[in-house]
Amino acid sequence: MKDFWRLTGFLAAIVIGALLVNALVFRSFAVNGPSMQTTLFTGDRLIVNRLPITWSLVSQKPYLPARGQIVVFTNPNWRPGLPERYIVKRVIGLPGERVLVSDGKITVFNHQKPYGFNPDNGITGPTSPTSGNSDTVVPPDQIYVAGDHRQDGFSLDSRNGLGTVPLSDLQGPAVLRFWPITQLRLF
């Protein structure tokens with residue numbers, strides 16, 4: 001009987017540990033839809049680093065991802081019974097920045113670069129011109145996001161209806177694509 005209780009306690013500790021790791025350290029998410037092609041595809045599985053989010057809760061300071069990072073966040077339009085509770089996009093604009101979408105390009109303006117710059121320079125991912133036109137100033141504690149497949153409505157993002165994303169909705173940055181195994185990649 002003593003062995004039974006030891007085994008039960010051991011199994012309970014494993015389950016609780018796995019739940020804590022999933023909630024506070026790393027979490028797996030599935031990619032659904034063409035919005036991040038050619039970087040990510042439907043069926044890809046990602047590991048997202050939850051530690052920055054956990055630390056932001058402890059420190060009471062919001063986690064601010066870096067420009068160009070791929071992040072997962074809660075879909076603001078999600079309701080029970082609907083698919084796609086979480087969305088995967090790339091960070092384009094940070095709080096206080098102006099993001100202009102015009103003539104197939106995204107330009108970001110901030111205090112360091114008042115004449116603007118292309119946020120995709122130096123990033124492997126976006127390969128298509130951007131469709132749509134918008135001019136947005138990113139509010140405090142929010143970010144501007146876009147998919148990598150930016151033509152013809154393939155990506156619902158900050159350019160065309162999703163709006164800016166509150167930092168409190170972030171699940172964390174993607175750190176690894178582990179499926180399919182032949183496409184293993186660190187981000």
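All positions are counted from 1 along the displayed chain.
Each residue, glycine too, has its Cβ placed from N, Cα and C.
Sequence annotations record features per position, and here TrEMBL assigns active site to S35, K89. Positions annotated as compositional bias 'Polar residues' by TrEMBL: 124-136. Taken from TrEMBL, the feature domain 'Peptidase S26' covers 10-179. Here TrEMBL flags 117-136 as region 'Disordered'.
DSSP classifies S35 (active site) as coil under the three-state reduction. According to DSSP, K89 (active site) sits within a strand segment.
A distance of 8 Å separates the Cα atom of K89 (active site) from that of S35 (active site). Its Cβ placed at the centre, K89 (active site) has 24 other Cβ atoms within 10 Å. Same-chain residues at least 6 positions away in sequence with a Cβ under 8 Å from that of S35 (active site) are, in sequence order, V88, K89, G147, D148, H149, F154, S155, L156, D157.
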